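This report concerns only the one structure given below.
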Amino acid sequence: MLYCLVLTTTYFLNVQQGIDVMMPTIIIGALKREGDNTVPGITDEQISWIGSLVYLSPPIGSLFLSLVQARLGHRICMALTNLIQLSSVLVVVLFPITVSSLYACSMLMGLSTGFATGLSISYSGEVCEPKLRGSLTSALNVFYFVGFFFVSTTYAITESWKKSLIIAVAVPLANMLALSMTPDSPMWLLSRGKTDKARKILMKLRGCVSEEKCAPEFQEMVQYVSLSAKSEEAKKKPSSLGSFSHPGLWNPLKLMLIYIFFSNVMSGVPYAPYLMNVFSSFNTQVEPAWAMSAYPAFSIIGNVFTILLVHRLGKRYLVLSTITVCSLSYILIGFIGQFYDDTEYTSWAKLALFFGSTLSSSLGVMPIGWILMSEVFPMKSKNLGCSICSAVYFFLSFFMTKFYMDLEKFIGFYNTFFLFGGIGIVGLVYFYFCLPETENKTLKEIAEHFKLEPV
């Protein structure tokens, strides 16, 4: 129960991410609605920028965060994230709604998302004990889709994107309140020389236990942070940019960058903005709008199962099994679409396989990537590593969504599923040989697996 309270701010940050990523889609849908004159004369090119800026600006936020988080700590950076999110709303509430104000709104939401992604991952990875870290960090993705569902439902009820945006302000305001009761991570406090405060907070995080009970874990933290500090001093690299040249960053970073690519493909990032067209192409009797509303529901169910199963089955098993299911689902969709005529049965089969891949990716390959990100980097390069990975995730998401329609026109709709399934098989082989098991291991043990000197 205590962990749920401590991680409340990270869960709120992920709800904000879901809202921020979904909001431009809602705005675009409202602007393209027949009879809407909110921004007279707006062009398709301008609308495309409103939708894409939310993916282009998060890397800026992530990289800026990597430069200041080690100095400022998680709590101050979380407060800054909330202020950025609030400013994205004020832009369209206090000023006339123009193309420029909508650009600014989308960009600020992207910056907020860039901050929130790195913060939620690094903080949850540092405050959770090893046996609970996987389950509790898995919940981050659940709350992302809760934000997605919340703002979509609000818009459906109010039928006004501006009212929906104002109502969504409740999330950062509630987070500011929760933040007042959130401690900094013990590891960050140790890195700033606040040993006594770090010990007291660790005792509180572990259930207000005695000093003796958490002494072994605290001693390991002291050892880990001390090695990091000595390494940094020996190499005379006071700036966080110095971590770029240290091999301790590159081994796990290489794994995570490859993981992000395969995860994006398996979780359907390329076609996410075009779901209505995908469902229409399946030719089922289900209305595409209803099918789209079921998409986050299946994602939430998958993430809940991740929380329940990750400690029991381990991350490696879940990644390998869910990539297998996703790959086979995509290949079967492509096969049915290419070689069978559309009938009631084939249409339902394609829709079922699609939602099966959605459920499977949300159960394993997608959320576990974010958990691994919080674990595989050593102390002094954790913030930088998480921020780089977050930036790459959003850059890849932008390019995959931007050029998906060109790919579909070039090779055909159902051949894209053959392609994605084939990519998944390649990823399955790679991860079988290269992905370590990190469940129920301390951060020090994980670093030793990668044969890293903490930096």
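For all residues, glycine too, the Cβ spot is worked out from N, Cα and C.
TrEMBL annotations:
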DOMAIN    6-439  domain 'Major facilitator superfamily (MFS) profile'
TRANSMEM  47-68  transmembrane segment
TRANSMEM  136-158  transmembrane segment
TRANSMEM  255-276  transmembrane segment
TRANSMEM  288-310  transmembrane segment
TRANSMEM  317-340  transmembrane segment
TRANSMEM  352-372  transmembrane segment
TRANSMEM  384-405  transmembrane segment
TRANSMEM  411-435  transmembrane segment
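136-158 is the stretch from 136-158, 255-276, 384-405 with the greatest number of Cβ pairs below 8 Å to the transmembrane segment (288-310). The stretch in 136-158, 255-276, 317-340, 384-405, 411-435 that contributes the largest number of Cβ pairs under 8 Å to the transmembrane segment (47-68) is 384-405. When each of 136-158, 317-340, 352-372, 384-405 is checked for Cβ pairs under 8 Å to the transmembrane segment (255-276), 384-405 comes out on top. Counting C-beta pairs under 8 angstroms (sequence separation of 6 or more), the transmembrane segment (317-340) fails to reach the transmembrane segment (384-405), with fewer than 3 such pairs. Counted as Cβ pairs under 8 Å, contacts with the transmembrane segment (352-372) are highest for 136-158 among 136-158, 384-405, 411-435. Tertiary neighbourhood of the transmembrane segment (384-405): same-chain residues 52, 55-56, 58-59, 62-63, 65-66, 69, 110, 113-114, 117-118, 121-122, 240, 243-244, 249, 252-253, 256-257, 260-261, 264-265, 269-274, 373-374, 376-377, 416, selected by CB-CB distance under 8 Å and a gap of 6+ residues from either end.
For the domain 'Major facilitator superfamily (MFS) profile' (6-439), the model's average pLDDT works out to 82.
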